[in-house]
Amino acid sequence: MKSLVLLAILAALAVVTLCYESHESMESYELNPFINRRNANIFISPQQRWRAKVQERIRERSKPVHELNREACDDYRLCERYAMVYGYNAAYNRYFRERRGAK
């Protein structure tokens, strides 16, 4: 009987210890944690923003071949359905490579 009471007390202590809710885990105590766009843009300097835009434009111009093929396949519904089953490479080869060879 004593061991059962001791086990119950230990279990209660374990529950209290493990289920303790820490206030440190709360995201924010602030009333309004969001900031407006003007203040948010202060974090990134104009030069970094310009550099990011230039890099994005370069990536748009020089896309990999498989990405261009996938975009072409996404525009054609039958190719897109075929790609869901067999993959984009097989779908592109079926619907677009044959047309190039026929020319």
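Sequential numbering from 1, following the chain as shown.
A Cβ is built for glycine as well, from the same backbone N, Cα and C atoms used for every other residue.
For Cys73, the cysteine that Swiss-Prot lists as its disulphide partner among Cys19, Cys79 is Cys79. Nearest in space to Cys73 (disulfide bond), taking C-alpha to C-alpha distance over the modified residues Glu56, Glu60, Glu67, is Glu67. Taking Glu56, Glu60, Cys79 as the recorded positions under consideration, the smallest Cα distance to Glu67 (4-carboxyglutamate) is found for Glu60. Here Glu60 (4-carboxyglutamate) is positioned 23 angstrom away from Cys79 (disulfide bond), judged by their C-alpha atoms.
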